[in-house]
Structure formats: structure tokens, C-alpha cells
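A.B. asks: Supplied in C-alpha cells, the structure appears directly below.
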Amino acid sequence: MSSLASDADFWQAVAFPLPYRVFLLIGLGLLGWATNLHGLDALEVDAVTALDLRTDDSPPRLPVTQHPSGHSMAPALIRSAYQAFLGYAGICIVSWLLYVWSVDGDPSRVDAYGHIPALTALFLLLLLVCPYDVFFKAERTRFIHAIRRCLFSSTQTPILFSDVVLADIGTSFVKVFGDIWLSLCMILPGNTLLDSPAQEGLLKWVMPVVLSFPYAVRLRQCLIEYNLPSNESKKPLFNAIKYATAFPVIFFAAAQGIVHGEHHLFRYWLLSVFVNSAYSFWWDITNDWGLEALRTGTEVDTDQYASKLLPHLRTPLIIRPPFSSTSTSASASEFPSASGSPVLSPSLSPTRLSFENAYPLEEKDIPRSLRKPYPWGLRPILLYPAMIYPLLATFNLVLRMSCPAENGDLLLFFSLDLRRLSDAYYWPSIPTPPWAAALMDGCFLRLLDYLALLPLPSSTQSTPTTFTMKVLAILYEGGEAARQEPRLLGTVQNKLGLESYLKSLGHELVDADTFVYLLHSKEGADSDFQKHIVDAEVLITTPFHPGYLTRELVEKAKNLKLCITAGVGSDHIDLNAAVDHRIQVLEVSGSNVVSVAEHVVMSILLLVRNYNPAHEMIERGDWQVSEIARNAFDLEGKVVGTIGAGRIGYRVLQRLKPFDCKELLYYDYASLPPAAAEAVNARRVEDLKDFVSQCDVVTVNCPLHEGTRGLVNAELLKHFKKGAWLVNTARGAICDKDAVAEALKSGQLNGYSGDVWNVQPAPKDHVWRTVKNPLGGGNGMVPHYSGTTLDAQKRYADGARKILQNYIEGKEQDAQNIIIGLGKYETTAYGQR
Ligand SMILES: NC(=O)c1ccc[n+]([C@@H]2O[C@H](COP(=O)([O-])OP(=O)(O)OC[C@H]3O[C@@H](n4cnc5c(N)ncnc54)[C@H](O)[C@@H]3O)[C@@H](O)[C@H]2O)c1
């Protein structure tokens with residue numbers, strides 16, 4: 001029955017059959033993961049960020065890197081990794097003890113109790129995919145996400161660093177995949193746990209396919225990297241060839257099982273092993289280890305070294321020298337590394353310099369993960385004596401030549417795995433002897449090498465290689481309309497068109513569990529907005545479905561650096577709180593001003609001409625012209641005035657000019673340039689009461705701030721001409737809700753129209769929805785949409801993306817978009833200060 005070679009093998013198969021050996025290797029992998037995270041943290045390497053290990057929705061056990069408290073998240077993550085290992089080990093050990101106790105050393109009972117490891121495997125698998133919040137849900141979810149990304153990522157999307165590492169770990173565990181397949185076969189009825197089942201017919205090819213799978217995943221990643229339009233390097237192609245050379249080794253080995261006796265296939269296999277091993281060895285030494293940069297001690301030419309190893313690490317934010325507001329150049333001595341040894345900063349790009357000049361930076365303005373001169377705490381130089389490296393190279397050569405891709409010998413597999421574990425996990429946490437440390441240093445360079453391999457979304461100098469910030473976007477649910485009309489960009493469905501941009505950075509806009517959130521639940525303590533604002537770095541909102549960022553929330557948002565208003569009007573942000581907390585606020589100035597100006601002119605006309613009651617009459621089936629005409633007028637000959645003569649106010653005046661109004665007036669603390677005022681023939685009135693008392697029509701076009709909140713109140717309305725019309729498309733809270741309703745009801749106002757409300761969405765019973773003048777007309781209210789026509793949406797979505805992009809790339813922002821710079825107002829539109 002058994003072809004087992006020795007008694008030792010036989011008793012191993014009885015007491016420790018293959019499924020348990022697989023459990024053991026997976027457990028070692030988990031432990032290696034935990035210890036390596038631990039070691040990286042001890043060395044101040046920010047693995048949490050580098051490997052994208054954040055689980056933003058997770059409980060405090062595993063929060064994001066940039067915790068609001070400013071503390072590193074690594075300890076929590078490391079604890080979770082150890083705990084997950086202990087939990088896993090506990091399950092496996094209990095299962096194994098039960099198995100050993102049941103079998104009691106009797107080979108004839110082995111298969112009778114084969115269901116114990118089988119059920120254990122099933123239980124572990126169900127635990128991995130369990131949707132309930134038990135057993136490290138956040139970590140499990142992220143792991144599954146990462147696997148999904150590894151297997152199904154788009155060919156247009158740059159590969160994440162973490163996915164490269166995960167897939168590479170897959171190639172280290174290739175034998176484990178094979179053993180999983182064998183274990184599956186062994187526990188099937190008719191087979192035995194004591195021996196590998198015979199693989200007949202097509203089944204013979206399953207094993208090589210399984211073994212090839214991890215190589216195929218890495219090969220695909222390399223080809224994606226190579227084919228990205230932004231890639232200019234041949235390196236991903238050469239790396240792809242390395243993985244491709246593994247397939248002949250695996251398949252020739254499998255083919256030998258089919259033929260009998262001496263066969264020339266053996267020679268092909270040997271050749272493929274040599275090619276695979278030699279090529280992998282060459283690759284390790286020249287690329288993964290970066291040994292061409294090897295120098296000793298003081299002879300290290302850091303300039304040359306940096307240009308070789310850090311060519312792609314040029315995210316301006318990442319390589320920003322620490323906390324310098326004035327730096328124009330950098331030398332090796334200026335920026336001490338985490339370890340205190342000198343490192344140099346790559347030369348600074350002009351865009352970055354101008355950004356820093358525009359926004360002098362202080363330490364707290366820079367995300368913690370980016371405050372070090374090199375990303376994630378990594379060092380750019382070899383730290384061990386040069387003589388270590390030839391030894392390492394020899395060691396690598398021996399292992400490479402003795403462990404071709406398909407090698408099935410368990411002992412060699414273990415040594416291979418040790419090498420691969422050290423290779424893939426970079427550092428152990430325990431103090432290591434010098435040779436081991438040197439080995440790790442080689443691996444450490446490999447990490448740098450990985451970083452250099454990361455594809456850039458575009459070929460520009462300042463394109464980032466990492467994007468670790470959390471962006472919170474509050475958009476509204478667009479329903480069926482948004483699904484049918486992709487130009488409805490301000491909706492959750494169409495995501496402000498940000499998706500393709502963020503994908504080009506390797507990130508997805510999703511509702512949960514990654515860097516970027518899209519939300520529509522925005523009110524109340526339980527809202528997603530309140531939950532996620534605590535660690536967001538960027539907040540994107542629109543005025544149409546505003547996320548109200550109060551001072552209280554600003555104080556909770558410890559990581560917030562930038563608020564982007566996709567549109568015009570940032571009053572939903574507590575701007576003074578933003579100043580106090582050095583949060584920048586930018587909007588897409590001018591993006592929808594024409595849209596609003598057109599709406600204002602339309603609203604003036606429909607009120608003055610008594611349009612809405614006329615249309616309602618027609619819908620009702622009535623026809624009584626006198627009912628309408630008694631309150632219908634011409635705009636010609638009327639006095640029209642705007643409160644606020646900025647971009648919108650001025651465009652309203654321009655559009656009104658051909659109507660031959662009696663006079664166009666404006667009230668604004670900033671006077672129009674004489675030529676501009678003359679062009680529209682507008683006269684400035686400096687006193688507000690005086691101004692409204694002269695107007696037949698008043699239109700409000702100023703921002704909402706402490707100087708304009710409730711500006712049009714009962715007192716001011718008394719000074720309006722009796723029967724004047726009021727149009728407000730600026731902000732609902734500029735007009736006192738009840739005072740306006742009363743004025744309309746009483747006839748002091750003949751009409752009120754606009755699209756903005758003091759709370760949005762407006763409650764169903766909001767008085768402005770239904771209030772009428774004494775003649776049953778005069779209401780032109782609509783939902784907030786004047787500035788969100790499809791044309792406007794395109795402009796403000798493009799503008800919002802540009803602001804985000806500038807921020808990520810460290811480029812200068814368009815000055816006209818900046819409402820709040822670092823710690824101060826950059827515009828006078830939000831009140832005189
Ligand atoms: N309904 C919509 O869809 C929509 C769309 C865009 C903008 N808006 C609103 O319109 C406002 C104006 O937009 P804009 O692009 O013309 O802005 P803008 O900055 O170009 O102009 C605002 C003008 O208001 C003036 N102003 C400020 N406070 C004032 C006060 N107390 N009294 C008189 N004038 C004052 C400023 O001096 C400035 O000239 C925005 O802040 C926003 O609230 C609404």
C-alpha cells in the first residue's frame with residue numbers, strides 16, 4: 001500500500017500528515033508576518049503605510065496609520081498579527097491533538113480520522129470569509145480584498161506595492177499550494193492520508209498548473225507594469241521573463257512523470273532549471289540587491305547611489321525635507337536620516353519650490369508618514385561591510401541552483417522557504433547575527449527596489465508613487481437619473497469623475513475599507529460623515545448636498561489638511577475654525593457663475609411677469625387672463641440691484657443690460673473697477689437700506705458669512721419698496737426664513753425666488769415651499785440646482801480633481817481658488833477682516 005521511503009517518513013505520515021504540515025507552513029507564514037512587521041517598526045520603517053495595511057473601518061485594534069491622536073498604528077497592527085497567529089495556531093493545535101489522540105499511532109486508523117484535518121481546513125476557510133465581526137474581521141477583509149486585487153486588477157491600473165509583495169509571497173508558498181491540492185486528493189474517498197494519490201490522465205497536469213499559478217500572477221503584474229503608458233523602463237519586462245522561466249521547469253518536471261526510463265525530456269528540464277536559476281540569481285544580485293551601488297564606508301557616493309536607487313521616489317510630499325519653509329536646495333548634511341546618519345535629498349523640483357513658497361510649511365502641516373526625508377523610514381545606503389555581499393551572493397547561488405521552481409524535496413523546500421521568508425519579509429524582529437543582518441540588508445534593498453519598480457501614473461517629475469491619504473467625498477444619491485446620465489457628476493454614482501484619476505494612482509473610490517470614501521449619510525452623530533472625518537486628510541463636498549463641517553467636527557478631524565468645495569460657496573465649512581486649525585479650504589471659483597447668473601435672470605423674469613401662477617392655471621385647465629395679468633409687469637423700466645457684485649453679481653448685471661432697466665445698482669463693500677461698472681452702467685449704493693429702498697428687484701449674490709447671515713431680515717424688509725421682488729440664489733441663510741415668508745404673505749414682497757435654503761435638503765414642511773403673496777403667486781422656489789447644470793458639473797468636477805491633484809503632487813494651487821490658505825483667509829469675499 002505504501003511507497004513511503006523510510007520508517008521516519010511513515011511515522012511522519014501517521015502522526016503529522018500532509019494537511020498538518022500545510023497548516024504549519026501557513027502558521028509560520030503568519031508568524032513571519034508578525035515578527036517582520038515588528039522588526040520593521042523597531043527600525044522605524046512605516047510598513048503600515050508602505051504595504052497599505054490600513055483598515056479604515058476597523059475597530060481601534062487596527063486603525064489607520066495616521067491615527068487622530070498622532071500615534072503610530074503599527075503597534076496595534078503588530079498586536080493583531082500576533083493575536084491572529086495565536087488564534088490560528090490554537091485551532092490547528094487543538095485539531096492536531098484531537099487527531100493524534102484519535103489515531104493513537106495506529107496507521108490503520110489514519111484514514112478513519114482524516115475528516116479531522118479536513119473539517120479543520122473547512123472551518124479555517126469559513127472563518128476567513130465569515131461576514132460577521134468576529135476573529136479579526138478588518139484584517140480578513142483586507143486580506144481578501146488584496147487577493148482579489150492581485151488576481152483581478154485592471155490591466156490599466158498601476159500595481160500596488162502591497163500587491164507585488166503579496167504575489168511574491170505567493171511564489172514563496174508555491175509548494176504549499178501544491179500540498180493543498182495533494183491534501184485535498186488525499187482526503188477524498190478511496191485515497192489515503194498515508195501516501196500521495198496517483199494522479200492519472202488529465203489530473204497529472206493539475207499539479208503543475210497549481211504550482212505555476214503564483215508565477216502567473218506575478219508575471220501578469222510585471223506585464224501590466226511594463227505596458228502602462230507611464231512606464232519607460234524595461235525592468236518590468238526583464239522581471240516578467242524571470243517569472244516566465246519558471247513555467248518550463250514546472251511543466252518539464254511534470255512531463256517526466258509521464259515518460260518512462262531515460263528520456264531527452266530530462267535534458268530539457270535540466271536546461272530550463274539552469275536558465276531559471278541562473279537568471280533568478282543574476283536578477284537577485286543586480287536588481288533586487290542593487291549591488292551595483294555597493295561602496296564601503298565613507299566612499300559611498302550618495303549622489304550616484306540615490307540616482308540609482310531612488311529614481312522613482314520623487315513624490316514631492318514624500319521627499320520633502322523636514323519642516324523647511326525656506327529651503328531652496330538640499331545637501332547631504334542638511335537632512336539627518338531616522339538613524340542619524342546623513343542622507344541626501346534628491347534635488348527639488350521647481351513646482352515644489354513654488355508650492356512651498358506659496359505655503360510655508362510647518363511640521364504639523366505635513367502628514368506624519370511623509371515627514372521623514374525618505375519614505376516610510378527607509379534608508380538609502382548599505383550599512384554592512386562590503387565583504388558580506390560576496391558571501392551572500394554565493395549563498396544565494398547555492399540556494400538558487402539547488403531549489404528550482406518545482407523542487408519538491410521537503411528539506412530543500414524548508415531552506416528555500418527560509419530564504420524566501422527572509423527575502424519577502426525583509427527583517428526579523430529578534431537581534432540577528434551579522435551575517436543574517438547582512439542578508440536582511442540585501443532584502444532591505446530589495447524593498448527599495450520594489451519601490452523603484454512601482455509604476456508612475458504619468459511621466460511627469462512630480463507624480464507620486466504613493467497615495468496614502470484618506471479622502472472623504474460627500475456626494476448625494478443620484479438614483480436612476482445618475483445611472484442613466486453619467487454627466488450627473490456630483491452624485492455618489494458618478495463620483496465627480498474622480499474614479500479614473502484615483503485609479504491611475506492605484507486606488508479606488510469605494511464606500512468603505514480603503515483610502516477613499518464616498519458618502520451621502522451626512523447628518524447626526526451616527527452619520528458616515530462624522531465617523532470618517534476623524535482621520536480624513538482631504539474632505540470633498542459640494543454646496544448642493546453640503547456636509548456641514550462645524551467647529552466641533554473640525555476639532556475632531558485631527559488629520560484634516562484640505563477641504564475642497566466642488567462648486568462655489570464654502571460656507572458649510574466653519575471657515576474660522578479652518579483658519580485656527582490650519583486647514584486649507586479651496587473651491588472651484590467661477591465654475592458655475594454663468595449657470596447661476598442665467599438662473600437669476602430667469603427668476604427675475606418669472607416673478608416680474610407672474611409666470612408660475614400662469615403656468616399652474618394652464619395645467620389646471622383654467623383660462624382667466626385677468627387673474628394673471630393683474631400682477632404681471634415688464635422688466636424694462638424697473639430698478640434692479642444686486643447685493644454682491646462679484647463674479648455672479650456682475651454677470652447678472654451684464655445679462656440685464658439689454659432689458660433696458662431704469663437703473664442697475666449694486667451694493668458691495670468692494671467697488672467695481674470703474675471700467676467694469678461703466679460697461680454695465682451700474683451705480684454703487686453704499687448704504688444697504690438706501691439701496692433696497694431704491695430697487696424694484698433685489699438679487700442676492702454674496703457669500704454667506706458672519707456679515708451676511710440673516711442680512712435680509714424683518715428690519716431690512718421694511719425698507720424694501722412695497723411689492724418688490726427678491727431673488728436669492730446665494731445662500732438660504734442670508735435671508736431670514738420667517739421674515740421673508742411674512743413679507744410675502746403680507747404683500748410687502750410681491751415675490752420670492754431662489755434655489756438655496758437654510759438647511760439642505762429642505763424639510764418637507766419648509767414654509768418657503770408653499771408661501772404665496774396675497775394674490776396666490778410670487779413663489780419661484782426650486783431645489784438647489786442653479787449652479788449644477790450638466791455644463792457646470794463638468795467644470796466643477798474637473799476643477800475639484802485639479803485641486804486634489806495639485807495637493808497630491810505638491811503643485812501650486814490656482815490662487816483664485818484659495819479661500820483659506822494655511823492659517824489665514826486668502827479672499828476678501830467672505831467678509832471684511
Ligand atoms: N445657487 C447656486 O447654485 C450657487 C452657485 C454658485 C455660487 N453661489 C453663491 O453665490 C455666492 C457668490 O458667488 P461669486 O462667485 O459671485 O463670489 P465672488 O467671490 O466672486 O463674489 C462675492 C461678492 O460678494 C461681495 N460681498 C461679500 N460680503 C458682502 C456683504 N456683506 N455685502 C455686500 N457684498 C458682499 C464680495 O465683496 C464679492 O464682490 C457664493 O458665495 C455662493 O454662496 C450659489
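Cβ from N, Cα, C; glycine included.
Here TrEMBL flags Val568, Asn592 as substrate binding site. According to TrEMBL, the NAD(+) binding site annotation covers Arg647, Ile648, Asp668, Pro703, Leu704, His705, Glu706, Gly707, Thr729, Asp755, His784, Tyr785, Ser786, Gly787. Here TrEMBL flags 198-396 as domain 'EXS'. Taken from TrEMBL, the feature site 'Important for catalytic activity' applies to Arg731, His784. Residues or ranges marked as transmembrane segment in TrEMBL: 20-37, 81-101, 113-136, 240-259.
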A.B. asks: Could you state the whole-number distance in Å separating the C-alpha atoms of Asp668 (NAD(+) binding site) and Asn592 (substrate binding site)?
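C.D. replies: Cα-Cα distance, Asp668 (NAD(+) binding site) to Asn592 (substrate binding site): 20 Å.
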A.B. asks: Reduce the DSSP letter at Arg647 (NAD(+) binding site) to three states and note it down.
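C.D. replies: DSSP assigns Arg647 (NAD(+) binding site) to helix.
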A.B. asks: Rank the binding-site residues Val568, Leu704 by the number of other Cβ atoms within 10 Å of each Cβ and report the first-ranked residue.
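C.D. replies: In terms of Cβ crowding, the pick is Val568.
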A.B. asks: May I ask which of the recorded positions Val568, Asn592, Glu706, Arg731 have a CB within less than 6 Å of any atom of ligand 1, listed in sequence order?
C.D. replies: Val568, Asn592, Arg731
A.B. asks: Measuring CB to CB from Glu706 (NAD(+) binding site), give everything in the same chain under 8 Å that is also at least six residues away in sequence.
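C.D. replies: Once residues fewer than 6 apart are set aside, Glu706 (NAD(+) binding site) is near Gly831.
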A.B. asks: Just to verify a number: CA distance, Val568 (substrate binding site) to Arg647 (NAD(+) binding site), in angstrom, no decimals.
C.D. replies: 10
A.B. asks: Are there residues of the same chain, six or more positions away from His784 (NAD(+) binding site), whose CB falls under 8 angstroms from its CB, and which are they?
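C.D. replies: The list for His784 (NAD(+) binding site) reads Pro543, Phe544, Asp755, Val756, Trp757, Gln760, given in order along the sequence.
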A.B. asks: Sorted by position, what residues of the same chain at least six away from Ser786 (NAD(+) binding site) have a C-beta under 8 A from it?
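C.D. replies: Listed in sequence order, they are Asn592, Ser595, Val596, Glu598, His599, Val600, Thr729, Asp755.
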A.B. asks: Give the number of CB atoms, excluding that of Asn592 (substrate binding site) itself, located within 10 Å of its CB.
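C.D. replies: Cβ-Cβ neighbours of Asn592 (substrate binding site) within 10 Å number 28.
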A.B. asks: Please identify, from the recorded positions Arg647, Arg731, the residue with the sparsest Cβ neighbourhood, meaning fewest other Cβ atoms within 10 angstroms.
C.D. replies: Arg647
A.B. asks: What whole-number value in Å do you get for the largest C-alpha pair distance within Arg647, Ile648, Asp668, Pro703, Leu704, His705, Glu706, Gly707, Thr729, Asp755, His784, Tyr785, Ser786, Gly787, the residues recorded as binding NAD(+)?
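C.D. replies: Greatest Cα-Cα span of the listed binding residues: 25 Å.
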A.B. asks: Which whole-number value in Å describes the distance between the Cα atoms of Arg647 (NAD(+) binding site) and Arg731 (site 'Important for catalytic activity')?
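C.D. replies: Distance between the two Cα atoms comes out at 15 Å.
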